[in-house]
Amino acid sequence: MVEEEEEFAEEEEASTNTASAHGKKRVKGKKDDVYNPDEMDLSVISKPLLERMADTGDDVPIPTVIDLNFTFREGLPAAKTHVCDQLKKLLGPDDCETAVDKRKTRLAPQFVFANLTAQIIRKLAALAYQNGTQGSPGDAAFANRAIFLIWLDFKLEAHITRSVATVKVDAATRSFSASGENVVWAVVDSGIDRNHLHFEKHENLKLKPTDLPIRHMDFTRNWGDDAAKDEEAAALTDEYGHGTHVAGIIAGEYDNNNDTVAITRIKRRDEYGDPEYSKNTIRTLKGMAPKCRLVSFKVLDEEGEGDVSNIIAALAQIQEINEHGRFIRIHGVNLSVGYPFNPEWFACGKSPLCVEVDRLVRSGVVVVVSAGNSGYGTKQTEMTKVIRAGMMMTINDPGNARLAITVGATHRDKPHEFGPSFFSSKGPTGDGRFKPDILAPGERILSCGAGAKARARTTDNAEMKRLYVDDSGTSMAAPHVSGAMAAFLSVRREFIGEPERLKQIFMDTATDLGRDRYMQGTGLLDLMRAMQSV
């Protein structure tokens, strides 16, 4: 192993201390190398990736995100070609074909996504240091380097009746006809079930030929260019159930004029503590912006699992659809997914995902993000030992993105009494910024049931398409804000393409709940007050 690496370094004219600077600490008397993240040069390989390399060994593929150097002397496309050519040499053409996710790499101009072993990652990092390219960003030598940083591709986590009145959406609808009409919102999640009756009345998921290049997309599989119809069908299927629940909070409508009676099965516990479900009929239920059109960008699979690279590719595709801000076709994005942030890994708000979120906002797209559900946990004390307590500085990525609208959760109809939900992630960010930005209802929110969430309540397939279920989390709070903003833009269209102004309007008009700024943001979402303020 060591001999092979030294031979490679000599062949590529890399210095012998380069390899040791990127993850290899030579131990006298041992043939194999030993990883020591504390001694690594972090300017090419990110710390979480180094830690994963230490845990997995040399021959286990690791999902990676290769962040390209946008100051590369020949331009960003040339940097991507250069890195792909290097991977072909290191892996061989056949192995490179399977290791690199060509579709996501094509969709995201600044990144190459690949499953690489620790050995290949070290060799790729060593190549980045050739020919005097050890400079820092801004140095002339740095322009010779095609790779900015190699990241670990993190795994994602999936983070309405009375809540409509809580945020005054019903009042805004009556007073301003704020229904979300002619506004398009992307739901980046586990898919949306096209068969649920909630989306039938206003045809929220229907795309016409004139809507191109907007289309429903699935980023959980490597679809070919000739499989657009199959990909759309996959994007409009939701085996996990999370994305459909989120989408139903944003848009769609059921009323009892429909021939089919909608039902809900609410979980309660009996006197023995066992769960039981009570079946009730529903007279009417609306999303925040009933007529808003939805685009499904599927990034989580049927188990609710996915990679950060799926979101990065999805956000890059929205940039492409909107012609990088020149023609805004998709007005907003809801991200009720993310992963816990570790301040040891990288500067807060500067991960590849946060950078992509900020870039999308600067192009004119509203990005609404759930804060995360890690605001409650255990603490060790000297006197009482382990206790359950609230946790500060727990905002998840991409909620740490500076320009994202980061949403915490509160009670669905008694926010003044109960304040921020105990589970809602709390600020400040790792670098001391105020987050979350705003609160919205996120406890036991009623919305569309699909997939696993529906099957947990009923085994009747016919019942599933008209089933509503309750769920809790900041994942449910974020779509309240997405829907409210879609409703706002349908009336105040001069704010389309002005996401930072829109964010400020909603933060300035939020209702102060009298709680700490790091827990409540500026307060509770208030659509009516936002509408009246302009």
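Please read every residue number as a count from 1 along the shown chain.
Heads up, the Cβ atoms here are built off N, Cα and C, so glycines get one too.
Bear in mind that TrEMBL entries carry predicted annotations, made automatically and left uncurated.
Annotation source TrEMBL lists compositional bias 'Acidic residues' at 1-14. Sequence annotations record features per position, and here TrEMBL assigns region 'Disordered' to 1-34. The domain 'Peptidase S8/S53' annotation in TrEMBL covers 180-517. Here TrEMBL flags Asp189, His242, Ser475 as active site, charge relay system.
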Can you tell me the three-state DSSP label for Asp189 (active site, charge relay system)?
strand
How long is the line from the C-alpha of Ser475 (active site, charge relay system) to the C-alpha of His242 (active site, charge relay system), rounded to the nearest angstrom?
9
Just how many other Cβ atoms lie inside 10 Å of the Cβ on His242 (active site, charge relay system)?
25
Cα-Cα distance linking His242 (active site, charge relay system) and Asp189 (active site, charge relay system), given in Å to the nearest integer:
7
Cβ neighbour count (within 10 Å, all chains shown) around Ser475 (active site, charge relay system):
30
Taking the domain 'Peptidase S8/S53' (180-517) alone, what is its mean pLDDT?
91
